[in-house]
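*Asks:* As listed in TrEMBL for this protein:
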type	residues	note
ACT_SITE	325	active site
ACT_SITE	692	active site
BINDING	295, 296, 325	UDP-alpha-D-glucose binding site
BINDING	465, 489	Mn(2+) binding site
DOMAIN	37-83	domain 'RING-type'
TRANSMEM	771-791	transmembrane segment
TRANSMEM	803-826	transmembrane segment
TRANSMEM	838-857	transmembrane segment
TRANSMEM	887-909	transmembrane segment
TRANSMEM	921-941	transmembrane segment
TRANSMEM	953-973	transmembrane segment
């Protein structure tokens, strides 16, 4: 290991491109005098006898006593370098698994604490009457530690914590020098859980429980009180209510344990950025994916890349890979221009600590940019940089204008060579290192930037975004092989330059960091209308649901803004915590104190001369089998396999750049994934359109856990589809992907059910994430029931008694109260919650229904539907695209429901007017539910009546036609109302 406890560090050769991490020889036991601890940077120190402290007798990896004791008490109890279990050293407390020793070696005897206590009691004398205690002195590890015997409550807690960290005696302020205080601060945990205040969470839980009880009483009343003259209408409504109640319960169960988290970036810097020494931060590979330069403009992609290159992280530890799945010359040339501008922009950001570091957002913000700026040259440099950026935008725009005129012979590069990606569906793999890691003035180094476009061949499944990310994963393993990977969409820029540092506070935690597979950040969006009409911000998901999942086993992966552990992406299982060895007896008496393992001998142990030969044959077979297993798992690339199984990360210093680039072309070819586990057990999963949901589900099923990080300044921001058509297409994609997972072998209901690695509440959360589209069926029926009641003059409930009225009132109060209390602890505003409720209804009656139909057709007739990339072009003007309507069949169901309810309202008023004032009371109840439907569909109705474009004629024709047919058939058939027998015409005549 190049750093402590699996941390990756070392000196980088800046003159070679592909040398990201040189390998280091294991440190020998000798020549340890003067060594520093590889974990905290403190001196290794000495033992109680005055000898040099050596934690591991096998390899002599330099670790100080506090870090050694912390690793034995809270960590894996193994040496970070050779993985040998630490033995107990004299002066350190016992832990589970230590072997018994015959001599007396308890800490109290070793340090003569009883004698010190006796001296303390004798030395008090008359000071007891004065209420003060003398200063106590104890010698530990060769250092003099002073302590005051009188402590208040807060000091007691602090000193107890210090003793937990490895100190054996409390200290006073007088004995703590600044350097030692910094070392103590660096040893502390890098993050912690912050519980939601019980004053906010407990009332919410109580109201949810009360709401559940009231719902059960409501359902009992509905089941026991049918409507005789409309039995079909009543039965349908009861079934829908039970269905929606079960859906609410499944959604509510995982919300029981929300938490927050807090990170300590100052402690991270103290531990991994020692003064006047090379930094110890682990390398990070950043993946950016793009497909269509028209829907994903190059200027947006360029801003994302610039914000990555300017992150507040060591430049020699960042490698940015841009995947162009559209093989566009426009994207390639735009990135070349981006490199030239980055040479000016990145130093400017670092010199003045700018936020955000995406130039488009930085120069467009209407803020006081002089705040907290003290350098006199800032104004001049900012003015110069703004002019440089405007010239950069002009060059990008000229490239875009040039790309609109496609030449007949195809595109050619600047040197006259034909562009290999002229045929986007059939082209070879392309890779070019646009920005090599080079030397220069410290602070002005630039990270590595690589452009690649994987090979595309007809007849091969390329698996869209998931396939592109897997190609990036393989190529990066050859060129840099960083142990951590940040995944960003091309329209999500880095808004907080310390985002990666925030993630490292969790990954580098000595206590639980090794069990974390990814750290997910919330996504925030720009260019949305003030009222967020179509709930594009997804605030309920990011600020409520994912925080609740973080309290169980971790949030789901949302497709972007996520830092992964490469080991988890390679399909490995999390490290197992060391268990205490079983106690065994000697065979003749119950020796309860012995923990030594019994040696097991076989009959071949005695006098078998052929054993070395057989052992050699078995080793050869085992080696051959392991090589075949690695080929079946990772593919036929020995270089990539060696990189994948290297847990330390990095690439050998002797690697040849040209050979690595050739191997990179090989691993991103179309045939490479054939007969391998790529997309199934390795990398991003292919089993669903929603590969992000399936990928996180597979990781959690292996026993990994994830973390949700919400820094005060949002880590990433981006653009979202602003018009209704694109928003509905996005939600349809999510719903289709969820149903694909539900009906696959990865169904969360039973996948890995007996293994116990996926927690029960986490499984329920995944079940809810896959079955939610089916709630559209009862919701659509319930949206049509008010109109049916108005058209037939019937209702779904009989005459309401006083008790029933109380239940109904209590139900509505509990619904609103539980929602308000949920907003109170989460910080979500009432408007955001209401927009989410409105779009939940809009999405359910349109996209979720189509998702069910689509998956049914796929299962029956193998009919599949391809999804196109959603437009991410920013607005030209004040929300220009908000009212843009594009034809899609998803618009028909909501429009039909609106028209049917409007017809029902007119029919209800007409019937009430014709019958006099006797039916106005019943009419008000029916109108309430009908208006409830219209209020939830109001954003959809407002979008259709937008000021820019008219509603498509086809939508109006189909909606009116379906509503008219439905109304006429209903009046003619009237299926939910019992037919009453009239008078017999034969008996009384026609005139009776």
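Going from the start of the chain as shown, residues are counted 1 onward.
Just so you know, glycine gets a Cβ as well, placed from its N, Cα and C.
Keep in mind that TrEMBL annotations are predicted by a computer and have not been checked by a curator.
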*Asks:* If you count other C-beta atoms within 10 angstroms, which of the binding-site residues 295, 465 is the most crowded?
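*Replies:* Comparing the binding-site residues 295, 465, the most crowded Cβ belongs to 465.
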*Asks:* List, by number or range, the same-chain residues at least 6 past the transmembrane segment (838-857) whose CB is under 8 A from its CB atoms?
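*Replies:* Here the qualifying positions are 534-535, 727-728, 731-732, 735-736, 738-740, 743, 772-777, 779-780, 783, 863, 865, 889-891, 893-894, 897, 933, 935-940.
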*Asks:* Which sequence positions outside the transmembrane segment (803-826), separated from its termini by at least 6 residues, show Cβ-Cβ distances below 8 Å to it?
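*Replies:* Contacts of the transmembrane segment (803-826) (Cβ under 8 Å, skipping residues fewer than 6 from its ends): 196-197, 200-201, 203-204, 207-208, 210-211, 214-215, 217-218, 221, 225, 255, 258, 543-544, 547, 797, 833.
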*Asks:* Restricting to the same chain and to sequence separations of six or more, state which residues have a Cβ under 8 Å from that of residue 489 (Mn(2+) binding site).
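*Replies:* The list for residue 489 (Mn(2+) binding site) reads 288, 289, 559, 560, 718, given in order along the sequence.
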*Asks:* Return the member of 325, 465, 692 nearest to residue 296 (UDP-alpha-D-glucose binding site) in space, with distance defined Cα to Cα and candidates limited to these recorded positions.
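*Replies:* Among 325, 465, 692, 325.
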*Asks:* Near residue 325 (active site), which residues of its chain come within a Cβ-Cβ distance under 8 Å, counting only those 6 or more away in sequence?
*Replies:* 289, 290, 291, 453, 454, 462, 464, 465, 468
*Asks:* Just how many other Cβ atoms lie inside 10 Å of the Cβ on residue 296 (UDP-alpha-D-glucose binding site)?
*Replies:* 25
*Asks:* I'd like the Cβ neighbour count for residue 692 (active site), meaning other Cβ atoms within 10 Å of its Cβ, all protein chains included.
*Replies:* 24
*Asks:* Rounded to an integer, what is the Cα-Cα distance in Å between residue 692 (active site) and residue 295 (UDP-alpha-D-glucose binding site)?
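*Replies:* Residue 295 (UDP-alpha-D-glucose binding site) has its Cα 21 Å from the Cα of residue 692 (active site).
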*Asks:* Restricting to the domain 'RING-type' (37-83), report the mean pLDDT as a whole number.
*Replies:* 78
*Asks:* Would you give the longest CA-CA distance, in whole angstrom, between residues of 295, 296, 325, the set recorded as binding UDP-alpha-D-glucose?
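*Replies:* The span, Cα to Cα at its widest, is 13 Å.
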